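Visitor: Per TrEMBL, the feature domain 'Major facilitator superfamily (MFS) profile' maps to 7-290. Under the heading transmembrane segment, TrEMBL lists 43-64, 76-97, 103-125, 137-155, 161-181, 202-227, 247-275.
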Amino acid sequence: MNNKLSLTAISFLANFVMAGFATQFGMLIDPIAAKFGADVNQVASIFSLLNGGALAGTIAAFFLIEKVGLKRMTLLCYGLIALAAAALHLTGSLYVVMVAMTVIGLCGGVGLCIAGTLVVSVWQARMQSTMLVVQDATFNVAGVVFPLITTYTLTHAMAWSWSYLAVGVVALATMLVAVLTNFRSCEAGGESAGNEHSEWNLGIISGGLGLFLGMLALYTFLTWAPMFVKNKFGIPFEEAGNIITQYWTAALLGALVSTAIVTRIAIRTFLLVIITLAMGMKRLSSPPTT
């Protein structure tokens, strides 16, 4: 049972780490630009390297996990993420920041696939659905915790990289938990699951595309919202960054409510209800046409 819990903890920490790097980047654009004397748009493009690396890592994970193994990939990915976070803290070059963010995105993308594989392998039936929702909630928790750390460091005249170094410490902790954990049951389960036929129909493909577009819109908001609020209302950048914490606090509450709901109704029904509510709220909030 302890091994089962440690595997689950690794899957949660994987989401926590990736969220730590992704959710606070919009708050760091201005400080990074000031540190390296770079243009704000140039710094914002670094976020594309993080996301692009995550996408490449997700694709590569399909091949790497099977060839290398879950445990070795976990150790490699989170060891590299910890080193990249240290490089961000120590470097004086924007080029090193770009390379480090690409490495973090690549390893983080692989790590997210590992996290999903662990949950699916360890838990079954309805408990599996619940754990996947809880796993998503850990992403939201990181979205609350790390922006708060960023706000503290920036308001106390500390370097912008301290908040990312904190994420690197979590990555190192993830690697240490993986060292002490037996992955054999998950890897055996993955081999047997690989022999089963996977169904790819129009509904699954369109659902995946919808999730991709939703995440794209989300990260665009996270990147530019602090800058927009700062310029729109003329408030300090650190205060403008609070919008990120507020967003993720609301997202965390939503995830907790979802965790309770999916234990009682089917995910398909829940998804349809949420989509209907979202469309209704969008309709009500739209300005009237003349």
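Numbering starts at 1 and runs along the chain as displayed.
Cβ atoms are placed via backbone N, Cα and C, with glycine included.
These numbers come from a predicted model, not from an experiment.
How buried are these features, and what lies next to them?
Guide: Within the chain carrying the transmembrane segment (76-97), a Cβ under 8 angstroms from the stretch's Cβ atoms is held by residues 17, 32, 36, 38, 43, 46, 68, 103-104, 107-108, 110-111, 114, 159, 161-162, 164-165, 167-169, 171-172, 174-175, 178, all 6 or more beyond its ends.
Within the chain carrying the transmembrane segment (103-125), a Cβ under 8 angstroms from the stretch's Cβ atoms is held by residues 4, 7-8, 10-12, 14-15, 17-18, 21, 49-62, 64-65, 70, 73-74, 76-78, 80-81, 84-85, 131-132, 135, 185-186, 189-190, 193, all 6 or more beyond its ends.
Here the transmembrane segment (161-181) has Cβ contacts under 8 Å with residues 3, 6-7, 9-10, 13-14, 16-17, 20-21, 24, 28, 71, 74-75, 78-79, 81-82, 84-86, 88-89, 146, 149-150, 153 of the same chain, all six or more residues outside its ends.
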